[in-house]
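Undergrad: One structure, pasted below without further comment.
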C-alpha cells in the first residue's frame, strides 16, 4: 500500500490535500491512513476498480479518481459533504450514489460508458455537469437543477433536442452539443426556451457539416435568431454583422418559418440569404450593407456621446470655479467615469448593450491602463457603447478547457473612448467616406488638443460657437452697435481670458494675474470697469484672430497629412485585402495566362500539323521508291528469264537434232527443222496467247512453272514427234530390232519422272550426272547378267519390242520437246552422253550384234528400276 503524501497544508480548520495519483493502487484497503481533516483526495492514474473504505474521510469536499478502472461509483454515497467529484475516463456504466450529495456543485463523468442521464436530479446545488464522450442517446431530466450553469454533452450520440424545453433548466448559460448526431438544423428551435444561454457549441454535427449535395451556408445567424442572448457560438464571439443578420432573419426573413423535418428546405434558404464565404474577409453586397449600417450606428453613438458631454458641461459655473479647474487639466475620461458611476446603466438591445463590450479584443485592452478603460456614456437611462467588428471576433482569444469550450472572461474593462476613436478611425475610413471624414476630424482634433494642452470640451462645436458669439458681442459693444450691460461685458471678458489660457500656455501667469484681480477685489465704480474693458478688448480680439488663424493652418496641415496617409493606406489595403481588387488582379493574371496558353497552343498545333504533313510526304515517297524498286526487280527477273530461254533455245536445238537423227537420213533432218520452226512459232505464240490462264500478267520470273504449260508443251512435242516418225519410219524399221530393249509401259512413267526431277534440279547438273552415271552402270551390270540368262526369251519377244518402238519413240520425242520449251538442255545432253556410254557397254557384252545403230542404242537406255 502506498503511503499518502501531503502536498499542501491549509490553514487550521480547513484540512489538507492528499495526492495519491500514479501510485499503482488497485484498491483502497480498510487501513487507509486518512486523517479526519482531509478535504481533498486525489487518486488519479491508478488501477482502482471499486471505491470503498472512504467512510473515514467524513469531511471530504473534493474527490478525484480520474483515469482508473472504476465500474461503479456507489462508494461516494456516504460522502455527504462532497462538493467536487471528478471521475472522468473510467468504465462507469450508470450514475448512482448521488441521492445524498445535496452539496455537490461540480461533477465530471466524461469519458465513461454512460447510456442515460439518471439520478442527477437530487443534486440540486449542481452548477457544472460534464457528461461528454459517453454513449448518451437522448437528453435526460435535469429540470430540478435550478443552479446548473454549465452542461457539457459533446461526444455523445444525441439525435434530437425535442425534450430540451422540458428537461433543461432555464438557468443554463453554457451548453455543448458538439460531435453528436443531430441531423436537422431545425432542432435548434427547441433551445429558444433557454433565455440565459450565452455560449453554445454545435459544431461537427451532421446538420452543420458541409456535404457535396448541399450548398454551403452560414448557420451562425440562424442559431442566433433563436438564441437571442447568445454571445459565443462554437468558440467564436458573435459578431455585430451576424447579430444584424439574425435580427433580419427573425423580423423580415423566413428564419422561423421552417419546422423540424424540413432541413433541406432550410439549408437551401440559408444558402441564398446567408451564403458561406470561402475567403477570410470576403464581403458580399449584404456584408457591405451591414458594414454601412454599423458604421452609421457608430457615428450616431459618437454624436450622442458628444451631445451628452456638451450638456454635462453646458451649465454655467462661477468664474472662480472655472478658473480653478482650468490649470488642473482634468481629463474628460475621468469626468465620464464619474458620470458613469453616478448614473444608472440600462441595456438597450443585444448588439448595442452592456454585454457586447466584454467580447472586445483582449490584447488591445491589456495595452492600456485600467483607469482609461471605459466606453459607456449614460444620459437619461441611455447606454452607449462602441460596436465590435469582425476583426475583433476573429482575433479574440478564448480560454480553452477540458470540455472544449469555457466561458469568456467578462470582468475585463473595455477600451477608453479616445483610444477607441483612434483605433476605429482607420476601420471606419475603409467602410464609409462620410464617416471617415468625421473620424479623421476627431483624430486630428485630439492631436491638436494634446499639443496645445487644452481639454476635450474646448474643441466642441458648441463651445466654438459660444466663443464666436462672445467675440461678436464684444466687437459690437466696442463699436456701439448694440447696448449691452456692463456685467455681461465683464463676464464675456473673463470667459475670453479663461479660453485664451488654453490656447496660449506661455502667457498663463500674466492672464492668471489679470484674472485674480477681479476675483479678489470688487470693482469700485463703473469707470474702472470700463477702462479695463477698453484696454483688454483690442488685445483679446487680436489674440483671438491669431489663434483662429493658427488653428486653421494647423488643421489644414493635419488634413493634408491625414489625406496622404489615408490614401497610401487605402491603396495598400485595397491591393492586399480588398476582395474585389484582389479578384480583379487575379482575373487579369488569369486572362494574360490564358492568352499565353492559347498562343502556345496554336503554335504547337501548327508545328504538329507541319510535322504530320512532312511525315505523310516521307511515307508517300518511301512507298513510291519501294514500288519502283519492285518494278525494276521484276523487270530484271523477267529479262533474265527471257535471256535464259532464248539462250537455251538456241543452244538446245542442234544437239537434239544431231543426236536423235543421223546425218545419213535427210528426211528426218528436214522434218526436224520444220518441227523446230513450228516449235519456235509455238514458243512465240505461247507468250502472247490469252487463253493460257496459268501465265501471270507480269513476265515469268523463271522460278515457277505451271502444269498447263507442261501439258501444252507435251501436246506440241507429240505432234512434232508424229511428223518426225512418219518420215523416218522406213529407216528405223531397217535396223536391228534385237538391240532395242524396253521392258513394259511402266518404264515410260519412270523416264518421265526422272525427267521431271532433272528439271527441278537444274542448278546441280554436274553432281546429278555423276550420281546418275554410277547408278546406271550398276543397273546395267545387273541387267546384263539377266540378259545372259534370258537371251533366248528376248529373241522371242522381239516382235513385241518392235511394236512398242513407236510409242517409246514418241515418249522420247515428248521429253525432248518439253526440254526445248522450257529451255533446259543440260539434263538432256547428260542423258544422251550416258546413253552412249551404256550402248558401248551393251556392245561389248553382246558382241554378236555389231550392226546396232546409235539411234537404237539411245533408245535402249530406258531401263526400268
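Heads up, the Cβ atoms here are built off N, Cα and C, so glycines get one too.
Found this in Swiss-Prot, in case it helps:
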type	residues	note
REPEAT	37-58	repeat 'LRR 1'
REPEAT	125-146	repeat 'LRR 5'
MOD_RES	308	phosphoserine
MOD_RES	413	phosphoserine
MOD_RES	500	phosphoserine
MOD_RES	530	phosphoserine
MOD_RES	542	phosphothreonine
DOMAIN	558-587	domain 'IQ'
MOD_RES	763	phosphoserine
Undergrad: Taking the Cβ of residue 308 (phosphoserine) as centre, how many other Cβ atoms lie within 10 Å?
TA: 19
Undergrad: Please average pLDDT over the domain 'IQ' (558-587) for the predicted structure.
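TA: In the predicted model, the domain 'IQ' (558-587) has a mean pLDDT of 91.
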Undergrad: Please spell out the DSSP helix, strand and coil residue counts for the repeat 'LRR 5' (125-146).
TA: 0 helix, 3 strand, 19 coil
Undergrad: Quick check on the repeat 'LRR 1' (37-58): DSSP residue counts for helix, strand, coil, in that order please.
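TA: In the repeat 'LRR 1' (37-58), the DSSP-based counts are 0 helix, 5 strand, 17 coil.
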Undergrad: Give the three-state DSSP assignment (helix, strand or coil) for residue 308 (phosphoserine).
TA: helix
